[in-house]
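See below for the structure under consideration.
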Amino acid sequence: MNTLFNQYQALKAEQPTIRAVDAALKLNTTEAQLVAAQVGTNAIKLDINHIESILKGLKKLEHVMAMTRNELVINEIKGCYEKLYTSERNEQKMAIAINPGGIDLRLFLYKWASVFAVKLNNMVSIQCFDKYGQAVHKIFSTEQTNLAAYEALINKYSDCEQSNVLAIEPKIVKALTFKPQENIDLADFLNAWENLQDVHHFPALLTKFDVCRTQALEIAQPHWAQEILPISLPYIFETLKKQQNEVMIFVNNDAAVQIYSGTLNNLKQVGPWYNVLDEGFNLHVRSDDFARAFVVKKPTDNGDVVVHSIEFFDSLGNTVLTLFGRRTEGNKQSNKWITLCEQLWQQRLVA
């Protein structure tokens, strides 16, 4: 008897609009296990060993909606899965879809553990999870999706084992720790930051000095970073909307990053969620739950170009949302974006 499936059906009867992630929490399970419980009814388990081929096959579905989320931010982009490339380094598989303005992704496939095809009412989807049973990336059908291509993809990569039981690993949730400051050569750290050649080299700087991101930003104040109030997001978005200034919005979890590039138009607060509700892009943010935020500056190999970003963190110190002024490689961000960042910087809205 599939007890979890029956419990889920009873819960949905009581709360028809409940999100799967919230239902899993109520039922003391994980979202992946909740989907696995539907195998044989609403779900089909796919072969995770063919995840690269599955992702490349999404191009034939034509128009879809890609979703990547963490606990505080949900990023939804409609478009086509195009220009997706896979690679492997040190036995770690990754994928990248470079589509600025469309479905733009950085996927750490070595952290993915299970994948399912799910049908709910008239919508079909492919849902991917990590070893802890957490959703890392989902692809949903739209009215323009090629459903025949979807069915062909599912039939080709269905797992030979279709079980309602999914083994997961327990996840230990803990805050990122700070290194004792006396063990950090501050002058060396700031010099290394000043000599950054590319924004993509920043993670290597954190590794070199063995510091987490929020500690690095604290140390960098007031030279390269400035803490601002985490409730600043609505003001930032309203300013971007008014100016029609293009922004890059990065939403990440441990296994995926999804990037939107473009303008913002329809902004709306609904309950605890602050939303962007545009034609091909939706963003849902629990902005009141942000714990910290910083304006950050990073130099590049072009001495005239300093890249400005605004970074938001949860209570554990995890990055949940990052904003950049849209730019092409080697060029400056717009004056409007730099002015907005400098304005926030000068106000020093430290909580």
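Placed from the backbone N, Cα and C atoms, the Cβ positions cover glycine too.
As recorded in TrEMBL:
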DOMAIN    29-157  domain 'Haemin-degrading HemS/ChuX'
DOMAIN    211-344  domain 'Haemin-degrading HemS/ChuX'
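Model confidence over the domain 'Haemin-degrading HemS/ChuX' (29-157) stands at 97, taken as the mean pLDDT rounded to a whole number. Across the domain 'Haemin-degrading HemS/ChuX' (211-344), DSSP helix (H, G, I), strand (E, B) and coil residues number 35 helix, 54 strand, 45 coil. Here the domain 'Haemin-degrading HemS/ChuX' (29-157) has, by DSSP, the following mix of helix, strand and coil residues: 34 helix, 65 strand, 30 coil.
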